[in-house]
Ligand SMILES: *Cc1c(COP(=O)(O)O)cnc(C)c1O
């Protein structure tokens with residue numbers, strides 16, 4: 001280990017410091033020590049590392065270099081992909097007029113922020129084909145839960161007890177989890193040979209207890225449900241509603257809208273589709289949009305425009321499911337999404353989707369001969385391959401993913417969706433150059449060749465990373481994070 005990469009407690013030396021403070025001139029009786037009850041005061045100074053400024057800067061810089069992010073290299077994760085994060089969006093979110101306002105400020109002093117939220121509500125409604133939007137939910141799963149709570153409240157207001165949420169087997173894991181958090185139960189239906197919703201299975205599953213069908217279209221297999229209008233008819237005829245998981249909307253912007261497909265509720269992950277770096281689990285924004293009949297159930301407050309042109313916060317009405325987040329949602333992320341939409345404009349958003357789909361199809365077309373392509377034909381913004389053809393050589397999809405690390409790539413999502421054996425899910429995104437796509441494709445082809453010729457290279461990968469293969473279960477369940485792991 002190079003000295004600058006050593007653990008910060010090991011380079012600690014008594015008396016070293018990265019700061020110097022002036023002599024304290026606060027009289028002892030006014031000091032914090034005098035104000036805090038004695039039993040709450042530390043008896044010993046905290047055991048913190050004592051290091052110089054140079055040491056501490058090198059330590060954190062070294063740590064940051066061990067991270068992988070979109071600013072380091074290609075990151076074709078699939079579904080939850082970190083997509084394009086224009087740097088200007090970061091600048092705008094840091095404008096003092098946005099970053100320094102306080103949620104308790106009077107409305108007349110935050111008209112700009114309220115106008116931004118109002119415009120974003122209408123833009124998202126227009127983009128999804130919905131009638132009303134709440135910006136409150138803080139994540140995709142939170143948006144799902146909010147949407148399902150509204151669906152529940154809607155059925156209750158009609159005097160009906162409907163408790164079942166139908167999800168296809170390719171659905172994102174948050175869908176059944178949100179249904180159960182909303183007090184509903186899930187019914188999983190299998191996909192057909194083409195990876196689409198099996199209409200017969202759907203017809204058998206719907207009934208007087210159906211609250212909703214949750215669907216993402218294109219699905220997590222990257223396939224567009226061509227029968228969506230028929231699917232919507234089946235669910236609506238049974239009295240259920242349609243929920244659109246729009247976490248990843250990079251395939252449809254400006255081309256089609258969930259509202260036009262027959263969906264009643266939708267959430268968007270602004271932190272996936274409309275920028276915002278979200279490594280480490282946050283922050284996010286998962287606004288929900290609804291058709292007019294569900295608008296009374298939206299959480300409040302929403303922003304409304306008064307007749308005099310000013311903007312005000314309007315609390316939820318008597319049927320509202322209530323607040324789902326403190327204050328007004330994750331405002332900084334709303335600013336980034338607003339900037340994203342304004343920068344691209346309607347035609348630009350459509351181009352984003354067209355390029356996302358083009359890049360994915362280029363990759364699928366070139367990689368399909370080297371793996372198994374369970375759903376050949378046209379994909380949308382992402383696609384799945386199966387590594388089943390490598391099994392005879394003792395190599396599995398996980399090994400391919402690990403080998404990619406040696407070539408400096410973040411591996412794609414593997415073993416999801418669950419209905420594809422040895423699944424590899426790839427989303428190249430719209431912003432990657434042809435050279436980057438080609439480089440990744442050639443690396444994948446090389447790994448397939450290695451699997452056949454010298455499988456041990458793939459089986460023992462990664463070879464170039466600081467830490468080689470982990471026991472991932474133990475690493476997640478019993479992480480050892482200190483330096484005495486020897
Ligand atoms: C990421 C994702 C979610 C969940 O979003 P979070 O913000 O992580 O809660 C739901 N559905 C799909 C299809 C996703 O890709």
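A Cβ is built for glycine as well, from the same backbone N, Cα and C atoms used for every other residue.
Nobody curates TrEMBL annotations by hand; they come from automatic prediction.
Quantities reported herein were computed from a predicted structural model and do not represent experimental measurements.
The following features are taken from TrEMBL:
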type	residues	note
DOMAIN	162-279	domain 'Aminotransferase class V'
DOMAIN	353-454	domain 'Glycine dehydrogenase C-terminal'
MOD_RES	272	N6-(pyridoxal phosphate)lysine
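All chains included, 22 other C-beta atoms sit within 10 angstroms of the C-beta of the residue listed as 'N6-(pyridoxal phosphate)lysine'. With DSSP states grouped into helix (H, G, I), strand (E, B) and coil, the domain 'Glycine dehydrogenase C-terminal' (353-454) comes out at 54 helix, 11 strand, 37 coil. Looking just at the domain 'Aminotransferase class V' (162-279), the mean pLDDT is 95.
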